[in-house]
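**Student:** Starting off with a structure, shown below.
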């Protein structure tokens, strides 16, 4: 008889916002110990939220989590209302899963008068009421700047996760294909290299950099050799996609046989994802693959079944994080 004891998984009751319902269902399918619970998301005639937490009595003494998506200012208030209410319902512990921290790119002041909204959002989240089990656990994926962990107060315990293991699985699958090229990781700037290179030490790297020429910022190859390789550009997020497109041009000019991209958060305002679509003709495809996660649900719906995009789900990783 084995002496090893299997750690029993805790049961977690998972609530979710409307736009994250698909992700929530995937999370629940990953584990029998995660049970979905719902919120009635309604509005009064004046447009303000009219909310109801279903099964409020039944969640007393239970481990509770909420899957959020702060995709626009319009939805943040109603979700915060629920997030602030759940820990006060005598739950054993409370976890907020916010895969994408939306104001993360506005984390510093460059001149007096700038408002660092990343700090504002962190202060709001830091004031979530303490539950019976203590501070709120906060799960965020690939926050834009690691120093932002210090923006949060002692009422929350930030757990910073990453989507890079999901990318590595995709790369390992590519390497099993016949006639697969050597894979090289490219970073669009020094910030991305500092952020991710230690997680990708098994691959050769290329680093690009932006240099100012007059009023323009030009992408140049700083170090590394992409010639004859399948180069995968890695960054935490994409907005307009301009930097990725310029990197692709530079890498191709230096002999890369293929160029792909991975970002954890595909924001793509104003349908900027359209810049990356494969055309139906035989013209050259700039990006062979473009991987992103389902952290931004509006993007997931927009790019579904459109090459070169492939969506990798965070569901399994979130299910594991809820057991920590």
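Using the three backbone atoms N, Cα and C, a Cβ is placed for every residue, glycine included.
Nobody curates TrEMBL annotations by hand; they come from automatic prediction.
Feature annotation from TrEMBL assigns domain 'Ribose-phosphate pyrophosphokinase N-terminal' to 20-126. Residues or ranges marked as domain 'Phosphoribosyltransferase' by TrEMBL: 211-265.
Help me understand the surroundings of these features in the structure.
**Tutor:** In the domain 'Ribose-phosphate pyrophosphokinase N-terminal' (20-126), the DSSP tally of helix, strand and coil residues is 36 helix, 23 strand, 48 coil.
Summarising model confidence by region, the domain 'Phosphoribosyltransferase' (211-265) averages a pLDDT of 93.
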**Student:** Which residue counts does DSSP yield for the domain 'Phosphoribosyltransferase' (211-265) in the helix, strand and coil classes, in that order?
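**Tutor:** Helix (H, G, I), strand (E, B), coil: 12 helix, 28 strand, 15 coil.
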